[in-house]
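What follows is a short report on a single structure.
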């Protein structure tokens, strides 16, 4: 068990101290560790991050000098201990205390006694994460779903008090895992049978044409994945591409394309006929696009380094379709990337809005007359979505919205926004 705790600690330290993304931090920790249960490491790491605000409020109840006096390393171990005691039925409370104290002996020896005392006090109190009593509904929601209060208020102003708890709960609940069948490689019935034969619970995603819901995150370790029969893509994201509906022979531009999931989905829908120019500002992320295309056997994708915010005259009115899946706050996908809620700075969003609009305006200019533009984000912040599109339509009289969908994080879906605009 000790190696599992150490791997989870390593991943958490990277997330909290180095601003790493949780999925990457977990994968790196697992590669570098000889763990007995990858599932334990994933549940512990994601769970601690997801419940950080609630856990910290409870640590504060038992730390004599308050949580602000606790240094980063012992605080991470305390968070792990509190989570294991309160949330992990497979770990007896005494075992959680022992594992946390043992881990402290390796990572921060001088704090062993303090960590032991705080965790034992928590166990004696019942070992439950207590939600603070308050008459402020938004503060209660913030505590219950471990969501920053300033973000609860921000979203409440946009969606109203009647819906805000359902939205925040949706951003807390673990979303479904959807895979996208490569329509050029296999049929959906065939892929389902292959997954079932491997003991993987899988069923048709009725919201999509090529989606399958699976209940095993290790599905990417299967030969079917290695052979390019499917990719991981959220239901909401896949719905946007299926709505966009690129056709064989189209000339398509995909701005901000890395890591290439939507690019590949479009190439599959086009039967790998036509051309997709996929750009990203980071050269190392271009490799991700190329790797994805190679795994899926797609040849129509041309990936290149480019800054989507900088206008290119050689692209002017050249493309049949343009996808602008712009950088965003990520407020729709917090359930799967819980670290994002701990990092969103509302004061920085106005600069993001400027970037999003500049990319969208460039994308519109690259469209042929009669062409279709898809603007999409993985946020539910209306200032990044509806208001950006409205600004474009105010600036270009020929821009016409033909379809849009604001997907809220209900029913284990991630939040997402997409809008089809015709020139």
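Glycine residues also receive a Cβ, built from the backbone N, Cα and C atoms like all the rest.
If you look up TrEMBL, you'll see 378 marked as active site, nucleophile. Taken from TrEMBL, the feature S-adenosyl-L-methionine binding site covers 256, 257, 258, 259, 260, 261, 262, 280, 307, 325. Annotation source TrEMBL lists domain 'SAM-dependent MTase RsmB/NOP-type' at 167-423.
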>> Taking every protein chain in this structure into account, which of the recorded positions 258, 378 has the most other Cβ atoms within 10 Å of its Cβ?
In response: 378
> Which residues of the same chain, at least 6 positions away in sequence, have a Cβ lying under 8 Å from the Cβ of residue 260 (S-adenosyl-L-methionine binding site)?
Replying inline: 278, 288, 289, 290, 291, 292, 293, 301, 303
>> Distance check, please: Cα of residue 262 (S-adenosyl-L-methionine binding site) against Cα of residue 378 (active site, nucleophile), rounded to an integer number of angstrom.
In response: 13
> Listed S-adenosyl-L-methionine-binding residues 256, 257, 258, 259, 260, 261, 262, 280, 307, 325 - what's their greatest C-alpha to C-alpha distance in Å?
Replying inline: 19
>> Sequence gap of 6 or more, Cβ distance under 8 Å: name the residues on the same chain that satisfy this around residue 307 (S-adenosyl-L-methionine binding site), in order along the sequence.
In response: 281
>> For the C-alpha pair, I'd like the distance in angstrom between residue 378 (active site, nucleophile) and residue 258 (S-adenosyl-L-methionine binding site), rounded off.
In response: 14
>> Return the count of C-beta atoms lying within 10 angstroms of the C-beta of residue 262 (S-adenosyl-L-methionine binding site), excluding that atom itself.
In response: 24
> So what's the average pLDDT for the domain 'SAM-dependent MTase RsmB/NOP-type' (167-423)?
Replying inline: 97
